[in-house]
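Peer 1: Below are the structure tokens for one structure; questions will follow.
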2 protein chains.
Amino acid sequence: MSDLPQTNQTDTSDEPGREAHLDYVQDVRDAVWDRDTRWLARLLARLHPADAADLLEQLSGDDFAACVDLLGGQLPTSIIIELRDEYREEAVEVLPDDAVAAVLGELDSDDVTTILEDLEETRRERILDELAPEDRASLEQGFAYEEETAGRLMQREYFAAPEFWTVGHTIDHAREHADDLPAEFFEVYVIDPAHKLKGQVPLATLLRTPRDINLSDIMEEVESDIRVEMDQEEAAYQFQKYSLASAPVTDDNGRLIGMLTVDDVVDVIQEENTEDLLALSGVNAADGSDTVLDSVKSRAPWLAVNLVTAFIASAIIAIFEGVLDQVVQLAILMPVVAALGGNAGSQGLAVAVRAIAEREMEGDAGRRAILRETLTGLANGVIFAIGVGIIAFAWFRSPELSLTISVAMFATFIWAGFSGIVVPLTLKRAGADPAVASSVFVLTLTDIMAFFSFLGLATLILV
Amino acid sequence: MSDLPQTNQTDTSDEPGREAHLDYVQDVRDAVWDRDTRWLARLLARLHPADAADLLEQLSGDDFAACVDLLGGQLPTSIIIELRDEYREEAVEVLPDDAVAAVLGELDSDDVTTILEDLEETRRERILDELAPEDRASLEQGFAYEEETAGRLMQREYFAAPEFWTVGHTIDHAREHADDLPAEFFEVYVIDPAHKLKGQVPLATLLRTPRDINLSDIMEEVESDIRVEMDQEEAAYQFQKYSLASAPVTDDNGRLIGMLTVDDVVDVIQEENTEDLLALSGVNAADGSDTVLDSVKSRAPWLAVNLVTAFIASAIIAIFEGVLDQVVQLAILMPVVAALGGNAGSQGLAVAVRAIAEREMEGDAGRRAILRETLTGLANGVIFAIGVGIIAFAWFRSPELSLTISVAMFATFIWAGFSGIVVPLTLKRAGADPAVASSVFVLTLTDIMAFFSFLGLATLILV
């Protein structure tokens, strides 16, 4: 999203500092309430677009809509594209069609795709209809690729040159066609006459090489291999692996068709991380601007699943109604076994989900991890079986009860360690996202083990 | 870590594909077992350093050590620096002093700091002593800054030029001093005679500008403001906010002293995300190569805390021993209230921790979030109070028991929603990491509420 041309601003004297931005919020709010468009526009113009976007996001929902409505086409494109998804969607909704069309004309193709994605289909058609056919075709191209693929994420602007060009010719060409180049790029891609990608020349290399050297003599091999239809997560993985700032995107025939830049990839990495973290806690999606209804929608489904599994655990307890009726201490201690076992399972699960996401679980590593997690469960099982046993004995002075809870604790820990790794690995192998359903499975499995072993043993030992 | 010069390899005919790397593992293993150093070196040389590092990480611990030992100084620096932390530490441990010293000489300063951090202090001193005093001083400089600061992360190599230089002069200078420039950079930093940072010129801008234009006419304001002593997390936040590929690092007087590149920042982002995800599940740290002992050490402390909180919950149950003794169904249903309440609390907590990490909780947003989470708890509370009540009635045919569990469920949900957001916000305000201890607090609070409300109401209604 950083592909916007920067204004050349050398006088920074009235650039407010980081803390001052907060005072600005009140100024902006006042400007909105007074419907003072000029003041509002001037306030926003003083800030970096990213800071201005931050500031607008601090406004209440109503003030934000009023502000966008007030500015209309005067709301700078550079700010719109820096807004967080839900604010950007809101802004695009409030803006008139011609303002949106104007915005589209100013942006690089990856940002155009982002804005078009925000629009309702009928409105998208209407806005695209207003444009010249060739502009329309080029704007719609990003939509040819599936969501969450490299093709959707990439921009179609890049700087490519044939192998036989010299450094000098390449620089001269860039100067003559300055306006056709993307605002930001870090490499020159070297292509053959069929537009096949042959290599790349980092700008730093171009800069330090004498004018008469051919690009073919200084080009590097492109180590990444990012195809248009590739999942964006895979592309992000290659950026991390090869420490890239940008990378070419090719079609199946190896022809260059676009460029990915690291700022978009960083957003993908953050999204994936957020998804994993939320999924592990049973939340489908979340955002700072979610309404109560959004929150309920994203959480109730997993609570409903948990409702079922909780009653399954209850059914296990019900089997042992007899022993519970005789020994009330079992009801008091029962949640300890379940809580500790569940905690141990969640720990292993978090480690496993993380390791799978970072591709540390491939090949033999998976088998080693199962062994390690089970042994960790065994070791922690010994420690906490003893600990729980001692506390239970100090409390109830019953060696049988202590023995019962110790053995149950031990069994539950081993089981928790084993299921904490096997459940996500199995889901992964089945092609599911290991972060999504693992938590419910693992906690249900440990609950069942906890109640079954504790109450079952109690039936054998105490009655 | 990508600052290594790349070899100029245009013939890719014997570059193996992604899948072929897995077959390579066996070849490398054979080479290690046969102690065939030449074959081993050739196998590794054929791969991109990042792929070679991946491959070595697939070996068992013993084979990996044997491989490093075998290669010694022949193990390419570029591979060492691509290894994951724990493997790199292991490699540096196995390598002889002179090989490590040679490695240091080849690296950019940020990578030097990484390697020096891995060494035990006595060995570090010994290796540094072998070097010429001026090299030593420069290598040690990275250590002047605290861990996890921008100073530690940055490299001291960058390309700076005075304002009055023309584009042409800058390019000529780069050609003449090609060897002094960092391997990779994306901007020329413009400085005044006191070495104060005045602006920056992206290489893409430099490339498209005629030779006779002054840098001062094309330079942009540096929007980021990264100081040496700044926390690396804050630096990473600025990279994301301003969509940077690299950024200058200054001291308190605004003088340029180093450069951060996005690949290092991406690693920081991943680390922070991993920490949050693991901390939420009560794991201090984890790695694919952890031993059972490492795992136990990183998990037992939080299990010990949970042991205490679980017995606190038990103590709450023990208060109601009388009613439990009379109505065994309470023992059967009790875990349902605790499980669902705990789940609702974890959901809110995950959303809150994420929002805090992404700085969406500043100012009014925090208050709004508390209201939203409490209302979400209320809404889900109504839904699941009814659901649980119906299932309990279908099972036990007791309207009083159904009413008891419904009301307890409702109270627990509201409480879970409230504590799921207030606990992390409070920890954050107290300067603690909201991800670390929140989970234990929230689950303990919901357990206490669940047991207290369910059994307390049962005492009032059922007895």
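In case you wondered, yes, glycine gets a Cβ from its N, Cα and C as well.
Found this in TrEMBL, in case it helps:
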- A:1-11: compositional bias 'Polar residues' (COMPBIAS)
- A:219-275: domain 'CBS' (DOMAIN)
- A:1-20: region 'Disordered' (REGION)
- A:302-320: transmembrane segment (TRANSMEM)
- A:332-357: transmembrane segment (TRANSMEM)
- A:378-396: transmembrane segment (TRANSMEM)
- A:402-427: transmembrane segment (TRANSMEM)
- A:439-462: transmembrane segment (TRANSMEM)
Peer 1: For the domain 'CBS' (A:219-275), what's the mean pLDDT in this predicted model?
Peer 2: 93
Peer 1: Same chain only, please: residues at least 6 beyond the ends of the transmembrane segment (A:302-320) with a C-beta under 8 Å from a C-beta of the stretch. Say none if there are none.
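Peer 2: That would be 282-284, 334, 338, 440, 443-444, 447-448, 451-452, 455-456, 458-459.
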Peer 1: Using a Cβ-Cβ cut-off of under 8 Å, list the residues of the same chain that are 6+ residues beyond the ends of the transmembrane segment (A:439-462) and lie near it.
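Peer 2: That would be 279-282, 302, 305-306, 309-310, 312-313, 316-317, 319-320, 322-324, 326-327, 330, 333-334, 337-338, 341-342, 344-346, 348-349, 400-401, 403-405, 407-408, 411-412, 415-416, 419-420, 423.
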Peer 1: Based on DSSP, tally up the residues of the domain 'CBS' (A:219-275) by helix, strand and coil.
Peer 2: 24 helix, 16 strand, 17 coil
